[in-house]
Amino acid sequence: MDGCGTYLDTMRREAPLVQCITNFVAMNVVANVLLAAGASPAMVHDAEESGEFAAIAQALTINMGTPSPRWVEGMEAAARGATAAGRPWVLDPVAVGATAFRRGLGARLLALKPTVIRGNASEILALAGAETRGKGADSADPVAAAEAAAQRLAESSGAVVAVTGPVDFVTDGRRGIRCANGHPLMPRVTALGCSLTGIVGAFAAIRPPFEATAAALAFFGLAGEEAAKTATGPGSFQVAFLDALHALSPEALDRGARLEAA
């Protein structure tokens, strides 16, 4: 896929407002990642306003990391509000296969028609109803093992599905693309997966979801590669990663994106 830099340039010029219903662990990191990339985060999650706010925002992201009954009400209200207003929304089904509570929540959110679903291989397998070896929020399954399930899930839900790992896979049920950008230090920092969901939301706000998701993955992964050039470990990597998101130019993204048709 060509032209990732154009997607980045448009996202930065429009600075979309992204409503993020994410978890306690990730909230600060996600907000800083979106700001560094050029978007505008809003951490609005309470059911009293989440649905109304979803109609104002340009995109919504819902992360299942630390659900509670009240937060679930906010998630469902926001998803309904985004869908009614024609806003794209991204589902991050964190540890969806771990408990009956999470499986039920994942099924209800899936029924509310997300635009994009982004998860690791075990999460996508579980959401698709397939066997998985996941352990909590971590994946014990390789991306390749979830590609067929991702295609089925995309076909049945109408969503673009992104399976993220060392080499990411994105599908809309008809087309597929792989992204090889990224660095081994990225999984050593908490909330980067949650932050990637936020970036996918920012790109989906201004581009068709399949292309937007692929461009977002390339941008995020390439920023990780750039950050690793100066980092000495996970601590310094966090700071360097924010700087790389801010500094990465559309031209550099065009040169460095490693995307190929699947």
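A Cβ is built for glycine as well, from the same backbone N, Cα and C atoms used for every other residue.
Counting every protein chain shown, 14 other Cβ atoms lie within 10 Å of the Cβ of MET43 (substrate binding site). The annotation substrate binding site is assigned in Swiss-Prot to MET43, ALA191 on the grounds of sequence analysis.
Feature annotation from Swiss-Prot assigns ATP binding site to ARG118, THR164; the stated evidence is sequence analysis. Just so you know, the Cβ of ARG118 (ATP binding site) picks up 31 other Cβ atoms within 10 Å once every protein chain is counted.
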Fewest other C-beta atoms within 10 angstroms, as judged across THR164, ALA191, which are the binding-site residues: ALA191
Local backbone state of THR164 (ATP binding site), from DSSP in three classes: coil
Integer Å distance between the CA atoms belonging to ALA191 (substrate binding site) and THR164 (ATP binding site): 14
